[in-house]
């Protein structure tokens with residue numbers, strides 16, 4: 001399955017659930033305590049990260065989505081710390097702060113990246129009035145593309161059926177990371193993402209792939225779901241839907257350091273991808289890739305679009321061809337992480353001819369990746385006159401993307417690509433013709449960034465205008 005990253009910035013993701021604060025105390029262990037046979041950790045570094053539903057929202061925001069987080073906290077220092085962290089990553093938080101409850105906090109003591117102890121500070125919110133959070137959900141739904149329910153069984157989601165009903169009535173898909181064995185409360189959700197242990201706790205021991213699919217399909221029908229995605233650790237993931245063949249996705253992890261928060265990454269990537277316009281199959285495949293990245297990190301972590309682009313490049317040599325500006329910037333960042341030299345050129349390329357092909361082949365040889373920025377129809381018309389272009393923007397870009405020398409093709413609507421060049425900042429900017437480098441649009445921006453601007457010669461005797469003239473004469 002070929003995957004191109006969507007424009008995550010368009011996605012609006014609402015996350016509701018059990019928010020937590022994860023704290024990590026790091027330090028060496030050089031001796032045993034004289035008070036008891038336990039190691040003494042000399043704490044040298046303290047770290048705090050959002051956990052639970054907060055980590056789900058953090059993962060969506062890390063992809064570039066507009067994330068909103070709703071949940072229950074105490075009126076304490078931990079809630080302030082959590083809110084401050086989320087504000088720092090531009091996640092909009094609207095917590096119900098309760099005076100009689102502590103914010104759920106999990107403190108982990110680590111030495112040499114090995115967890116020695118975990119301390120939990122929590123009291124379940126099971127007796128809290130559900131309307132307090134429901135009112136906030138109703139306010140947030142109209143400005144959301146998808147809703148995630150992140151259930152850790154701590155009590156924030158004590159009216160799951162009501163939340164699902166309101167979201168589905170508004171036409172908003174609901175993805176649920178379930179907890180426990182009572183799946184009845186998730187009836188009518190769009191998709192559930194249980195791990196294998198959670199799945200078997202509901203359906204019983206699974207005996208092979210066929211049994212997995214059969215039992216999964218029974219759950220889909222029983223609880224009126226659109227789909228079920230079972231995450232299976234080293235066995236990857238399986239997507240199950242009624243009336244469609246199952247989709248098995250092999251695990252992508254190369255090294256596993258910590259599975260903490262991997263489920264959060266899966267559901268956030270899946271939901272954000274769907275909100276950005278991907279199909280369910282594509283979104284599941286991308287979530288699988290994200291899971292393979294995050295388990296290679298210590299603790300609850302996030303995955304960036306650049307990391308995804310790099311992983312996709314490694315897996316399938318994809319992410320090339322016609323792109324939006326946002327997609328291009330991610331691809332360029334990923335290329336730079338791989339140490340690749342990025343070359344950029346631009347033009348109308350109205351009727352592609354041998355001169356164009358030769359020029360682009362020569363430009364491509366100057367680096368590892370070649371970007372071709374193409375004037376849109378309106379831009380060409382302003383530059384060339386009312387009779388141009390002959391071919392539309394989409395057609396011109398499709399032809400360019402088919403050339404072996406070209407990696408990425410992107411449109412620009414202005415008369416010059418100066419703004420786009422300033423955003424991309426290629427290592428080498430090339431232009432064909434009789435220009436002086438200093439006269440080329442983007443020269444100042446590229447050279448100020450340490451890049452180079454170079455002029456290449458066009459092949460003699462090749463001209464789009466001449467071709468058009470010849471066609472008209474022979475017309």
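Cβ from N, Cα, C; glycine included.
Feature annotation from Swiss-Prot assigns region 'Ribokinase' to 1-318.
According to its DSSP assignment, residue 197 (ATP binding site) is helical. For 195, 196, 197, 198, the entry in Swiss-Prot reads ATP binding site.
Residue 264 (active site) is surrounded by 31 other CB atoms, counting those within 10 A of its CB over all protein chains shown. Summarising the annotation, Swiss-Prot assigns active site to 264.
What Swiss-Prot lists as region 'Cytidylyltransferase' is 344-475. As a whole-number mean, the pLDDT of the region 'Cytidylyltransferase' (344-475) in this prediction is 88.
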*Determine the Cβ neighbour count for residue 198 (ATP binding site): the number of other Cβ atoms within 10 Å of its Cβ.*
20
*Residues flanking the ATP site, with Cβ no more than 8 Å from the Cβ centroid of 195, 196, 197, 198 and excluding those residues themselves*: 194, 199, 200, 201, 230, 231, 232
*Would you kindly give the Cα-Cα distance separating residue 195 (ATP binding site) and residue 264 (active site), rounded to the nearest Å?*
11
_For the binding-site residues 195, 197, the one whose C-beta sees the most other C-beta atoms within 10 angstroms_ = 195
_Protein Cβ atoms within 10 Å of residue 196 (ATP binding site), excluding its own_ = 16
